[in-house]
Amino acid sequence: MNQSDTSLIPNRAVAIFSGGMDSFTLLNELVQEGKEVFALSFNYGQRHSKELECARQVCESLNIAHKIIDITAINSLLAGSSLTDDIQVPEGHYEEENMKSTVVPNRNMILLSLAIGYAVSLKAEAVYYGAHGGDHAIYPDCRPAFVEIMSEASKLANYEPVEVRAPYLYETKIEILRRGLALGLDYGQTWTCYNGREKACGKCGSCVERLEAFDKNDATDPLAYESVCTG
């Protein structure tokens with residue numbers, strides 16, 4: 001295989017875009033940096049699938065390529081998460097022990113593997129996802145060691161050295177939101193709540209962390225909430 005077959009296209013990137021505020025901020029930053037972005041969203045049977053409609057609308061407004069991939073066929077292999085099974089979504093702070101029920105087994109390894117394959121086919125230089133520092137306590141597949149090893153595995157598994165990048169790996173959601181607010185982003189275009197109801201619940205760990213981020217930035221969350229957890 002000659003060099004032209006394996007060369008990657010500079011500034012071409014695949015971004016895993018859930019429709020949530022972290023990946024929304026990342027997507028917009030990549031676009032503003034002048035990257036040619038291909039957004040990739042996944043339906044894995046999550047109860048908060050409302051985020052996928054948000055993702056679709058955002059990509060349409062940004063006029064960027066977007067695919068929503070249905071992988072619900074593997075849902076029966078990934079039992080035990082309150083995000084996909086008939087298990088109550090826990091309430092309280094994002095870093096509390098009971099939030100471990102929101103872990104979907106091996107989720108990011110699966111999603112990143114698919115995104116890497118897509119990047120190889122596009123000759124994109126990197127896959128981006130919005131893992132951040134606040135995820136480390138609960139989600140093993142958002143920790144620095146995982147990102148580093150996944151990036152190395154990508155290079156070993158393919159002729160094309162596609163990197164896995166998580167720019168917010170050492171930042172909190174408070175800091176990520178600060179970035180987006182400085183860019184003038186509209187977070188009313190995003191969905192964070194783990195419950196798939198009409199309004200955000202205001203009590204699940206994801207809502208609590210989001211509301212905390214807005215509070216710490218002296219900003220008002222544009223989303224409507226059923227209630228707000230003050231504990």
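Placement of Cβ uses the backbone N, Cα and C atoms for every residue, glycine included.
The structure displayed is predicted, hence computed values, not measured ones.
These come from Swiss-Prot:
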BINDING   PHE17, SER18, GLY19, GLY20, MET21, ASP22, SER23, PHE24, THR25, LEU26, LEU27  ATP binding site
BINDING   CYS193, CYS201, CYS204, CYS207  Zn(2+) binding site
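Overlay of Swiss-Prot feature records on the structure.
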{"residue": "PHE17", "record": "ATP binding site", "DSSP (3 states)": "coil"}
{"residue": "SER23", "record": "ATP binding site", "DSSP (3 states)": "helix"}
{"residue": "CYS193", "record": "Zn(2+) binding site", "DSSP (3 states)": "coil"}
{"residue": "CYS201", "record": "Zn(2+) binding site", "DSSP (3 states)": "coil"}
{"residue": "CYS207", "record": "Zn(2+) binding site", "DSSP (3 states)": "helix"}
Can you give me the residues near the recorded ATP site, meaning same chain, not PHE17, SER18, GLY19, GLY20, MET21, ASP22, SER23, PHE24, THR25, LEU26, LEU27 themselves, Cβ no more than 8 Å from the center of the site's Cβ atoms?
ALA55, GLY130, THR190
CYS207 (Zn(2+) binding site) and PHE17 (ATP binding site), Cα-Cα, nearest whole angstrom:
18
Just how many other Cβ atoms lie inside 10 Å of the Cβ on LEU27 (ATP binding site)?
28
If I take the alpha carbons of CYS204 (Zn(2+) binding site) and MET21 (ATP binding site), what is the distance between them in whole Å?
15
